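S.K.: This is the structure I want to talk about, given as structure tokens.
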Amino acid sequence: MHSYQLLGLAAVGSLVSAAPAPSRVSEFAKKASTCTFTSASEASESISSCSDVVLSSIEVPAGETLDLSDAADGSTITFEGTTSFGYKEWKGPLIRFGGKDLTVTMADGAVIDGDGSRWWDSKGTNGGKTKPKFMYIHDVEDSTFKGINIKNTPVQAISVQATNVHLNDFTIDNSDGDDNGGHNTDGFDISESTGVYISGATVKNQDDCIAINSGESISFTGGTCSGGHGLSIGSVGGRDDNTVKNVTISDSTVSNSANGVRIKTIYKETGDVSEITYSNIQLSGITDYGIVIEQDYENGSPTGTPSTGIPITDVTVDGVTGTLEDDATQVYILCGDGSCSDWTWSGVDLSGGKTSDKCENVPSGASC
């Protein structure tokens, strides 16, 4: 064999030996797609390149958002340890999600702690300190959030504007705000969404457990709500989207709250509320209304004068039972002339409190 042939074979051999084995290439790729972040800026800047994200005890600087809206489609995001936030008066949000096919979860013992007492002043969003919204699940599609543990939000906890999302086994605990000025600490605020499925949530707060302002194909089941304003649809009206359709709220408890079941629409606005079901709702310690449906809200408060621009139709109330405080009203219905229809009620059994003599235009199938 000629010497140049020997040199050629040697060169080929060196190239072969230098190439990593396929298993090593795969391992390198796997490592590159798994990212652990310990700062908000790192996470926001690099999350798009990771398929498996761990957020480890992140301290988010004051006035900044833990921005996860560039998450890669199909990625998994896991919170570890305590996620905390610096103090500043601003509108937030403190956390923002975005993306498709996401799985968001938490490691054992993890918590997202808003330390809301720094902002609480009994005024919520109605004045006083400017308080940041907590979590935006916006522009999210076909995703699952599970086991999310949230504590002490400054004001509203979770804003949802999404398509086909499952929110499973959330804990939102703002009970420290009961005696420390927590206000407007809604659990779930849903708008402009299609397909939001909430199951197994525990919400302790000082406002609506859930409030559906617009959207369709929404369910809330197996929930435990206490301390707040109950299970609400609305206020509906005065927004870009003013339709609420195909909502089921079922198999849930509401305790030590202002209201049990509530639907409210805005006076002289237009829109539509239809295909609403409340089923198997157990109430206790209700202070204001067991069931309240009214078409008279203006500037955040009832006026006593209903309007007809937002019909409330095809409402099923089945198995709303429980106890009210002495000063509470069992059922209050205030509809415009002909703007509430096709209601079906059964198994409504409320004790305590009093009946109302101020109901108006109660549709057949319901009683006040």
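Even glycines carry a Cβ here, placed using N, Cα and C.
What you see is a predicted model, and the numbers here were worked out from it, not measured in a lab.
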S.K.: Based on what Swiss-Prot records, which one of Cys335, Cys359 is disulphide-bonded to Cys340?
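M.R.: Candidates were Cys335, Cys359; Swiss-Prot matches Cys340 with Cys335.
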S.K.: Where does the O-linked glycosylation site label fall among Ser44, Ser84, Ser274, going by Swiss-Prot?
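M.R.: Checking Swiss-Prot against Ser44, Ser84, Ser274, the O-linked glycosylation site entry points to Ser44.
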S.K.: Between Cys225, Cys368, work out which one Swiss-Prot annotates as bonded to Cys359 by a disulfide.
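M.R.: Going by Swiss-Prot, Cys359 is disulfide-bonded to Cys368.
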S.K.: Tell me the Cβ neighbour count for Cys35 (disulfide bond), meaning other Cβ atoms within 10 Å of its Cβ, over all protein chains shown.
M.R.: 18
S.K.: Output the one of Cys50, Cys225, Cys359 that, of all these disulfide-bonded residues, has the highest number of other Cβ atoms within 10 Å of its Cβ.
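M.R.: Checking each of Cys50, Cys225, Cys359, the winner is Cys225.
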S.K.: Can you tell me how far the Cα of Cys209 (disulfide bond) sits from the Cα of Cys335 (disulfide bond), in Å?
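M.R.: Cα to Cα, Cys209 (disulfide bond) and Cys335 (disulfide bond) are separated by 24 Å.
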S.K.: Are there recorded positions among Cys35, Cys50, Asp207, Asn246, Cys359 that sit within 10 Å of His229 (active site), Cα to Cα? If so, list them; otherwise say none.
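M.R.: Cα filter at 10 Å returns Asp207.
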